[in-house]
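Let me begin by presenting the structure, written as structure tokens, before commenting on it.
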């Protein structure tokens, strides 16, 4: 009887896992359909690089380079990010002022992260990356996120987590830019706060918790993954609250200033 009960419990657990995975797969497919339907060639290329090439490069570093060549992987991510960003300018050289805006947003994100070093997870980086994606476009949003993660880790410590952080910050800025371009995300404070909180908790938290398991555990199992997600909830919650707070405080002033600069100098259009 006990063996039969165990076999039944095992079957039930397998079925529940399959249901969870099927639900996640359906949600991902639906979200991808909404986000990436009818995109331009430039954005399609950026999507392929960001969602396929960059994750594949990070996993290559994990499994084939034993997470030892993280500087090399980080630089590859920056190079990949520059390809669609350069295409934004469509057969013309970027103006210095356009590059200065990107560099300034990255510098603000780095300085903001360093300024709150004493408060774990309470950082303004995601908020600034979202603002960059909304105002400057998806490609610029990813670039600001990736560069911010790379440069700020010279203060916080470089390691195998750096490429994962670059990707996590960048993908949120990229999605914010696409949602804004498709009219799904507005420049309203409340809308940005909701998106910021959800994306920080679900996207950044999901990616970095998965990365933690890959980096620091020799076994990758479904139960270990769930345990990692659960243990990361308090940290992800603090990070999400920080993003909401900073978006509530700085989103409107920064968006107004960026829009004014774009109009005055005819800068990057999303």
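Backbone N, Cα and C atoms are what each Cβ position is placed from, and that goes for glycine too.
According to TrEMBL, the feature transmembrane segment maps to 45-65 (among others).
Annotation comment: TrEMBL describes 70-87 (among others) as transmembrane segment.
Listed as Cβ neighbours of the transmembrane segment (99-119) (distance under 8 Å, sequence separation of 6 or more from its ends, same chain) are residues 125, 128-129, 131-132, 136, 140, 143-145, 147-148, 151-152, 155-156, 242, 246, 258, 261, 267-268. Positions annotated as transmembrane segment by TrEMBL: 99-119 (among others).
Look at TrEMBL and you will find 126-151 (among others) tagged as transmembrane segment.
For 163-180 (among others), the entry in TrEMBL reads transmembrane segment.
Annotation comment: TrEMBL describes 192-214 (among others) as transmembrane segment. Packing against the transmembrane segment (192-214) from elsewhere in the chain are residues 62, 126-127, 130-131, 134, 161, 164-165, 167-169, 171-172, 175-176, 179, 185-186, 220, 224-225, 228-229, 232-233, 235-237, 239-244, 247-248, 251: each is 6 or more residues past its ends and has a CB under 8 Å from a CB in it.
The transmembrane segment annotation in TrEMBL covers 226-250 (among others).
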Tertiary contacts of the transmembrane segment (163-180) (same chain, 6+ residues out, Cβ under 8 Å):
35-36, 39, 43, 46, 50-51, 54-55, 57-58, 61, 70, 73-74, 77-78, 81, 125-126, 129-130, 132-134, 136-150, 153, 186-187, 195, 199-200, 203-204, 207-208, 211, 270
Go through the chain and flag residues at least 6 beyond the ends of the transmembrane segment (45-65) whose CB is under 8 A from any CB in it; none is fine as an answer.
36, 39, 72-73, 76-77, 80-81, 83-84, 87, 138-139, 142, 160, 163-164, 167, 170-171, 174, 214-215
